[in-house]
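Annotated domain 'ABC transmembrane type-1' per TrEMBL: B:87-294, in sequence order. Per TrEMBL, transmembrane segment is recorded for B:30-54, B:91-112, B:124-146, B:174-196, B:217-242, B:275-298.
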Amino acid sequence: MTNVKVHSVAKTYGTTPVLSDITTEFPEGSFTSLLGPSGSGKTTLLRIIAGFIKPDQGVVTIGNNDVTDIPVWGRNIGMMFQSYALFPHMTIAQNVAFGLERRGIKGAAARKEVDRALEMVRLPGFGSRTPKQLSGGQQQRVALARAIVIKPSVLLLDEPLSALDRRLRQEMQVELLRIQRESGLTTIFVTHDQEEALTLSDKVAILDKGRIVQIGEPEDVYERPLTRFAAEFLGDSNFLTGTVDNGAVRLADGTVVRTTSTLPTSGSKVTLAVRPEKMSIVSGPTDDNSLTARITTVIYAGPVLSYMLETADGLPLKLFAQNRDGKVLSDGDTITLSWAPEHTVPVGD
Amino acid sequence: MQNDRLTSASERGPLGPRSRRVLPSWVSTMVLLLPTYGWLTLAVFLPLLTMFVFSFMSATPMGKAPIVFTLKQYRAFIDQPYLVGIGINSLLIGFWTTLFCAVLGFLAAVALVQSTLGKTREILLILILLPFWTNGLVRVFSWTMVLRENGFLDNLLHMIAPDAGSIGFLYTRYAIVVGLVHGYLPYMILTCYIALVAIDDAIIEAASSLGARWWTILFKILVPLAAPGLISGSVLIFIPVIGSFMEPRILGGRVGVTMGTVIEDQFTQAFNWPLGASLSFTLLAVVLAIFATFSGVLRRGTAV
């Protein structure tokens, strides 16, 4: 149980910067997701913390130790891989005991630890089987047991659930969270699945082009994205651009949109982000922000209806509504939509 | 109406143009296997059978001596006990050559797999295959230039220590092994390389994340997982090496008497083909016995 810090870490491959000047902290016992598209540097950052990649500059500390120059085997990390990476020529028990053996724990003491770890991942009695005899989900549980049995300083997860199917993935998310809470391990989780990041994490870090664009609690990052990229990558967003005018924003068509957030000085250009599910279709006049738009497509997705809209100016908008009354509106209908000023967030580019 | 048309269409099926092509499955299987087995018969089974028949003859059937079928050729090891020593010598040369090939070949294959920088892997592969492209005789004779007294090896030594004696070891068993290892190493490198390339990088990373250093990774992960490559490489090397005659003759000189050279002598010098054939089959039997003995161990090694 230790905190992990990276200080002005940078990495360049050839002439392509993969990570530029990253400074952040992963507090003791926290579960942080590194979220970003491929090529954003999230895996590189994880591998630098693990020690597989040496940063061109910067410092990595685990607890009070500067581990920048310590090789992987000396860092006391627990790691899970997308491909499970179990040792195929060893039994499950031998797999889990591998890290203990490296620490000089053998015989009965090791067996006890192995049994406890397998129990923790709900695979008691699986010790004598081989990885091949296990399903993907079970193999990933073994990988988790193998990673936590050595009592690592930090648990590093490299998209460990991506290879599992949807139902199994949700099951494993619950399991992972339970085990992380029980063990109190500082956990860093790389994923490109935004839902997974939101459900599991205490903190979400959004990476883009080798930089952390925003880091914070899931609710904070989702409700108050700082940049257009953050708003777009985490969930869906509508973007309205306009000019600041007297504490509100005037759009190109003259509509005035209010927000509870602080706006830049009058006259400057600003982009506002509004989540599609914060908008609703209204029939009468409203005190909230509102716009008129024409429905281009209605997508029926069971519990949710997605409306693809277009304003008179040709601005595309999205609106998600709970499926309370079924599909009553159809393509081509003109509607009035409204949303609250507190859900209108100015974002940077 | 539509119903009728459907019925007639489905009835036409088995009688239609397709039905003419249907053959019983055993016929098509036989036809497809014929080239393989035909070739095996022609290239392997027939020559071997001829030699096997020869091994029971009293004399080479091309001479004037009358041919009698006999088992006496198979008593060679009893009648001429020095052949036992030669046989053991050959097996030892085979053992050491295979062992050195396994150690060097495995490490070279690991290096090959690890070299991911640019074109280094392609360049290394070509360097490894180079001995295959050189004529065997040239390769072996070039070793005599290196290993003989006042040869390249001695020159090299005398550049560092001018007063040192000769360390040239031409015409020793070591020289034979050096020549054979040089010639057969590529087999081991390639079979191990194929086995090692199949190992997921994440498995090695997982091991080092759990605290394993390079020697633990080598002996606990890479060697067991690449065991099939090591084994097939060993089989590929051991069998031709114990029958080899060129390297022992050229590099071994007086000590270079092996089963390979004895058998070759029977065919080329003594013109005693039956003895040569019987010695070959005895050697084959010994090799098969060795593999049968170790097959249990080997199978456990490959049971991944």
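Glycine too: its Cβ is placed from the backbone N, Cα and C atoms.
Caution: TrEMBL annotation is automatic and unverified by curators.
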Item to check | Same-chain residues at least 6 beyond the ends of the transmembrane segment (B:275-298) whose Cβ lies under 8 Å from its Cβ atoms | outcome: 51-52, 54-56, 73-74, 76-77, 83, 87, 90-91, 231, 235, 238-239, 242-243, 259, 262-267
Checklist entry - Which listed stretch (B:30-54, B:91-112, B:124-146, B:174-196) has the most C-beta pairs under 8 A with the transmembrane segment (B:217-242)? => result B:174-196
Checklist outcome for this item: Given the transmembrane segment (B:30-54), its same-chain partners at Cβ distance under 8 Å and 6+ residues beyond its ends are 60-61, 273-274, 277, 280-281
